[in-house]
Structures are given as structure tokens and as C-alpha cells.
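Annotated features in TrEMBL:
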type	residues	note
BINDING	9-11, 17-21, 52-55, 100-101, 127	substrate binding site
ACT_SITE	9	active site, nucleophile
BINDING	9, 11, 126, 127	Mg(2+) binding site
ACT_SITE	11	active site, nucleophile
SITE	52	site 'Stabilizes the phosphoryl group'
SITE	100	site 'Contributes to substrate recognition'
SITE	101	site 'Stabilizes the phosphoryl group'
């Protein structure tokens with residue numbers, strides 16, 4: 001049996017999702033309760049993998065280094081709890097790619113690398129595009145927040161990552 005994993009979207013789950021792009025430390029605001037939730041998942045034996053679209057790179061708004069700076073900052077703040085970050089720098093109008101959510105390539109890479117048991121894993125996101133690839137692969141899903149107007153069917157709905165962690169760890 002492989003490892004159990006919590007897959008996480010970044011913007012809107014870990015940090016506050018701005019109307020435009022989050023790529024500077026000034027804009028990277030960690031949502032309250034996130035670090036405690038990640039600590040609880042780790043204590044329960046989960047791998048933590050962030051799966052995020054970063055289409056601002058394809059649009060020339062920011063670069064790979066900006067993403068790395070934000071991820072390094074978060075790792076510092078959370079005590080390096082994240083096992084791996086996967087991000088897609090593409091945008092459908094500029095550089096079509098199957099790595100971009102709602103396609104599943106980033107998930108498939110993580111599953112192969114870490115020998116992840118999909119039946120004991122979860123994806124937590126705030127948009128349908130986060131959850132669709134997980135559902136396709138048989139990963140349980142959690143929708144956080146209240147921004148998605150027509151949400152796909154999910155296993156759990158929660159206000160935020162902290163509440164999602166409490167609900168998942170009760171299952």
C-alpha cells in the first residue's frame with residue numbers, strides 16, 4: 001500500500017486568493033489556521049503536495065523565480081511541512097498544456113513519485129478546476145470557501161483548510 005496524501009491548491013486554500021495574481025511576498029497572505037491544519041495532517045501521517053496553476057508566468061506577469069520565492073517563504077513559515085510543490089506555468093490562451101488543472105498531469109507525477117494510494121488521499125481546493133482532476137483519478141475531494149457558484153459534487157465542503165482538516169481527520 002502506498003502513501004496517503006493531502007493534495008492542496010495554493011491560492012484560496014493556503015493563501016488569500018487575490019483578484020489578480022499572487023506572486024510577491026507582500027501579497028502572499030497565509031490564511032489563518034492553515035499551518036495548524038498542515039501540522040495535523042502531518043501528525044496523521046499524510047504527505048502534503050501543493051498542486052497549483054501559475055498562468056501569470058505564461059502571460060509574462062511574473063517568473064518562475066517569483067513562484068519559488070513565495071513557496072520558499074511559505075516553507076519557512078510552516079516549518080517545511082510541504083513535501084513537494086507542482087505548478088503549471090501555462091495558460092490555455094497562450095500555451096495549452098495537459099499539466100494545467102483541470103487536467104491531471106501534476107497529480108499523476110506526484111502519485112508516481114511518491115507511490116501515493118489514491119483511495120486514502122484527498123484533494124482540497126476552492127475551485128472546480130482543482131477538484132475535477134482529483135475526481136477523475138479517484139481521489140476524494142473537499143471544496144473550501146464559498147466562491148464557486150456551481151460546485152462539482154464533492155465528498156466534503158468546509159469553510160477553510162482548518163475546518164477541512166478537522167473533518168478529514170474524523171473520517
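Heads up, the Cβ atoms here are built off N, Cα and C, so glycines get one too.
The structure, with features from TrEMBL marked on it.
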residue	record	Cβ contacts under 8 Å, 6 or more apart
9	substrate binding site	50, 51, 52, 101, 123, 124, 125, 126, 127, 130
11	substrate binding site	17, 18, 22, 52, 126
20	substrate binding site	none
54	substrate binding site	23, 67, 87, 88, 89
Cβ neighbour count (within 10 Å, all chains shown) around residue 100 (substrate binding site): 22
Neighbours of 9, 11, 126, 127 excl. site residues, C-beta within 8 Å of centre, Mg(2+): 10, 12, 13, 17, 125, 129, 130, 145
Cβ packing number for residue 126 (Mg(2+) binding site), 10 Å threshold: 23
If you count the C-beta atoms lying within 10 Å of each candidate's C-beta, which of the recorded positions 18, 101 ends up with the smallest number? 18
Within 10 Å of the Cβ of residue 127 (substrate binding site), how many other Cβ atoms are there? 22
DSSP three-state assignment (helix, strand or coil) for residue 52 (substrate binding site): strand
Per DSSP, three-state class assigned to residue 11 (substrate binding site): strand
